[in-house]
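What TrEMBL annotates here:
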TRANSMEM  21-46  transmembrane segment
DOMAIN    37-286  domain 'G-protein coupled receptors family 1 profile'
TRANSMEM  58-78  transmembrane segment
TRANSMEM  98-116  transmembrane segment
TRANSMEM  136-153  transmembrane segment
TRANSMEM  196-222  transmembrane segment
TRANSMEM  234-256  transmembrane segment
TRANSMEM  268-288  transmembrane segment
Amino acid sequence: NHTRVVEFVLMGLANSRHLEIILFLFLLIAYLLILLGNITVISITLVNNFLHTPMYYFLRNFALLEIIFTSTFIPSTLNSLLTERKTISLPACFFQMLFFYYLGTCTLFHMAVMSLDRYVAICHPLHYTTIMNSRFCLQLILACWAVSFLLMFPPTIMTVQLPFCGPNVMNHFYCDTSLLLQLSCTDTGFIEELMFITLIIVLPGTLIVTVFSYGCIIITIFHIPSSAGRKKAFSTCSAHLVVVMVFYSTCIYRYIRPAQRGGQDSDKVLSFFFSVLTQMLNPYIYSLRNKQVKQALK
């Protein structure tokens, strides 16, 4: 006889109480910085008329997405670190998994769209206002949300319907699909293949768009006659590329490496990098170091 699982145990980020307190403080500061940075970006780009441009429209939506994305797992992780409560109910786990992967996928599409926006602005400046009109910008944002949902909903809903008979322990700090599939007491081969194909489409697909856009931007920068202008442009692009490469490299290695099976401590470290550290840096790299935003803040 099998006992049906009604909750899962998340082992979290640390095994010792002392380390849990340190991680709680670090994660709390990181979460507050994420909220502060992104709320500032949203507020400034809404109230300042000079920032009502396609670039800041995308950044405002990206900031909102980051707040929602990190809020799907950081508060529960903070609660787990503080109270030592490691369990999560079956419905809560499924909802967390659905929103984590849906919003994470949407983040990748948003990054690709923002890189395309910068490509059009720098490489085709005379046609920028014609191409990036308000209607087209809205269509791109809606497409990001819709396509992400269509890609991630089928494998996620299939995972939700799987039977879980025990064990119920996951070596992670949020509900991860690969770990849930390992805990199921039925064959999950089809879902694993579907998830792998989906991630192959999303991760390398959006990365190609992003790298192509920045590659064209860098080539265009070389033709800028002013050395000061080239230096400033390279500074901006290099900062963006560092964030993009850290985010994509950790995501790709975590989810589509050969013979990928979750549950190692290294997986938690990689997940922490792309789900917390890069999210903390994004508002400051993409927006708050921008000269126009600094002037708007003043």
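Glycine residues also receive a Cβ, built from the backbone N, Cα and C atoms like all the rest.
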Model confidence over the domain 'G-protein coupled receptors family 1 profile' (37-286), averaged pLDDT: 86
Beyond the flanks of the transmembrane segment (58-78) by 6 or more, those residues with Cβ under 8 Å of it: 12-13, 24, 27-28, 30-31, 34-35, 37-39, 41-42, 45-46, 88, 92, 96, 99-100, 103-104, 106-107, 110-111, 113-114, 117, 137, 140-141, 173-174, 275-276, 279, 282-283, 286-287
Stretch contact, the transmembrane segment (268-288) with the transmembrane segment (196-222), Cβ-Cβ under 8 Å, 3+ pairs: no
Non-local residues, at least 6 beyond the ends, that sit with Cβ under 8 Å of the transmembrane segment (234-256): 108, 111, 115, 118, 178, 196, 199-200, 203-204, 207, 210, 214, 217-218, 221, 267, 270-271, 273-274, 277-278, 281-282, 285-286, 289
